[in-house]
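Enquirer: Here it is, the structure in full.
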Amino acid sequence: KLSINAFDYNCHLDLIKLLRQEGELVKLRRARQKMSELFPLTEEIWLDWLKDEIKMASESSEREKVYELFERAVKDYICPEIWLEYAQYSIGGIGQEGGIEKVRSIFERALTAVGLHVTKGTALWEAYREFENAILETAQPAPGSVPSLEQQQVLCSQLEKIHTLFRRQLGIPLLDMEASYAEYEEWSEEPIPEATIKNYKKALQQLEKCKPYEEALLGAETPKLAEYQAYIDFEMKAGDPARIQLIYERALAENCLVPDLWARYNQYLDRQLKVKELVLSAHDRAVRNCPWTVGLWIRYLLAMERHRVDHNIISEMFEKALNAGFIQATDYVEIWQAYLDYLRRRVDFTQDSSKELEELRSAFARAVEYLKQEVEERFSESGDPSCTIMQNWARVEARLCNNMQKARELWDNIMTKGNAKYANMWLEYYNLERAHGDTQHCRKALHRAVQCTSDYPEHVCEVLLTLERIEGTLEDWDAAVQKTENRLARVNEQRAKAAEKEAALAKQEEEKAEQRKQARAEKKASKKAKKARIGDKRKADDEDEGEWGQEEELPSKRHRGEGDGVLPEEDMEVETGLFGRSAPAKPDGPANPKEKASTSRKDIPKVFHDSSKDKVTVFVSNLAYTMAEPEAKLRELFGGCGEVAEIRPVFSNKGTFRGYCYVQFKEEESALQALGLDRTAVEGRPMFVSPCVDKNKNPDFKVFRYSTTLEKHKLFISGLPFSCTKEELEEVCKAHGNVKDIRLVTNRAGKPKGLAYVEYENEAQASQAVLKMDGLTVKDHVIKVMISNPPLRKLPEAGRASTFPAPRQVYGARGKGRTQLSMMPRALQRQSNPVAKAENGMVQNSPASSSEPPAEPKKMSNADFAKMLLKK
């Protein structure tokens, strides 16, 4: 795998793990070496490597190799554990010449790097003191002997070293400072100096300010980016450079794949510290961790130039950047432009020719060719449609090298790349000629511009006339006027034709819309006539059975993700019917058993949903309409959650199951447990289970179970084959990190949609997976992978609910209502316009046919409306 893709981070880890298990030490060392050349290694990898090498190091030459390995380890990340291991290992070489001073040097470097670490710095200070105490013990004279003057000086010097370590430590805010202070009091034979006590109290106060941020880090989950950012802001306000550097390093150790964090750290080092070794080391680690981020490479090149790094090293770094694998074509344009800017700053343009100038021209030519060949082949575009690099080259030749001939050649090449139709490109060239060329070439350029420009020809014509007005002869003026008039006339003619064509298309669309409207009107009229014929046959005593109008309202099409909501009371077909219309009884009964079952359901007395029992009730939806015995089926499903008090399936007025129902339990705990059955497959469809909540009374209530905001640890994958299973997708994803969960998106019928959400343990693994998986082919399908950031969900319009809301409209294929028939109960119509009924039960003088406008009915609540109908 690594021979195919050397940048597969997880594959490196797997290889190292296998070789370590097999005990292949030579191959293991080689594998670690290769990985360290490509990536900065984590603290755990370095410690394992160092411990393995320490076991094998016996001779002095091998010890030196271990020292070199430690030096590499402490450069990748600032880790207290590695520094402590380094210092303790160096104590083993104390017997060698200069061994004691070498140990002290390593301890001092460790304190500079991580001695300010609030939670882990104390261990280093204590290890350093223990080492100095051990030296003190060896310097003590033998019992009963009198120390010489030289021995007394050595003892006093060693005691002063330990005193100094205590005083330095007590001036730094570290955890368990009180214990260190008590230890100093017990150890010291002299009173603690006032200056030390003052510094100690000041450090204690500072520790109290830091504690909330440290506690937030301890309680947060990896990668703790927000908590670290708050800590960084706090330290930036305090302004201590050493502490700012340390907190940045701590944050980067856990967020090494966050380019913005590296950028902010490098910017701080560039502008504030300006220490060459620190700055360049941070930039180098940044591009090794996030090689795909072009901004980090550009900052690195600028930092190297700022600190006067050798030209060959900068050129090598630029070549590495070209091989970093940027994700956009424009990234290559940016890195080339940064490098060309650097080369231009090296040239002394007072000389007619120089090695630096030739290198700059060669680099410009190579950049143009690179974008044309390498970048365009990979991205199907050069990333530089406006030819900005060639424009800059032309400016350099014209302004700095006084070589307008070369500049004109470059601009001629630019125009042949499809830029001749843009006015701004011609004016850019004209301005260059105006500043460094001559009037003849300016006139020639503008004449060509008038002929070729298609976006803003008026602007170019105006510039040409202005030039001739100031510098041209009468013949030049006449030629310019004639050319501009002819050109503008052609342009206006073309625009008129385009407008006519657009108007014709618009007219055709209007005619088609009118035809569709007429067809709908005819269809509506035929339906109305048909229903009128049916209504003529009804008996007068059937009127109360049709209280909800002449056509039953169909269920509204719900938007994606809303399937587990509860219908408002006014819009429901009501559980087992809310005063629904019953079909006229047939003397012989239906021959079909299903029809018999439907007919029997119509006879069941219909009841309201009791909102006081919402807490012990769940709303179940998205069930199959063809479910034969929904009550028995659901009682079996929900029986395991607790005792079921009642199951109320919802049927239409024709007696068919509507696909949703209410399940009422005896206990509230049972209802909560039932919510866990959400998305359970029932007869091939996912069953939606949600709390029983009236959305009219609680418009802000949401039952969508998944996050609709940015989740940096979760990926959204599209383009998957419908046959892809969860296990197959997990096999692909787990190569890039630990997969916590995978969700394949399905429609209401349970069929896959080719979409999935994959959750990783942290942002770093998700970022790595995006880089490696985007564009991957899975079963002949090219998938797209991105960080999960769903679009905002539409909120219900304010003010929608009213005392008696209008019934929801069911939309047809073209957005119009399937029926324009009134959904207003005739009982309300009779209140406002009482009329006599004909023998067949139809209203003789409806509000629509009345000469006077009907009075507006009094608004009624749901309860009032129900009481009125019950009284009837």
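Backbone N, Cα and C atoms are what each Cβ position is placed from, and that goes for glycine too.
Feature table excerpt (TrEMBL):
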type: COMPBIAS; residues: 499-524; note: compositional bias 'Basic and acidic residues'
type: COMPBIAS; residues: 542-553; note: compositional bias 'Acidic residues'
type: COMPBIAS; residues: 593-602; note: compositional bias 'Basic and acidic residues'
type: DOMAIN; residues: 616-694; note: domain 'RRM'
type: DOMAIN; residues: 713-790; note: domain 'RRM'
type: REGION; residues: 499-602; note: region 'Disordered'
type: REGION; residues: 827-872; note: region 'Disordered'
Enquirer: Tell me, roughly as an integer, the mean pLDDT over the domain 'RRM' (616-694).
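Expert: Over the domain 'RRM' (616-694), the predicted model scores a mean pLDDT of 86.
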Enquirer: With DSSP as the reference, give the number of residues of the domain 'RRM' (713-790) in helix, strand and coil.
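Expert: Going through the domain 'RRM' (713-790) residue by residue, I get 22 helix, 32 strand, 24 coil.
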Enquirer: Across the domain 'RRM' (616-694), what are the DSSP residue counts per state (helix, strand, coil)?
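Expert: DSSP composition of the domain 'RRM' (616-694): 23 helix, 32 strand, 24 coil.
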Enquirer: On the DSSP side of things, how many residues of the compositional bias 'Basic and acidic residues' (499-524) fall into helix, strand and coil, could you say?
Expert: 26 helix, 0 strand, 0 coil
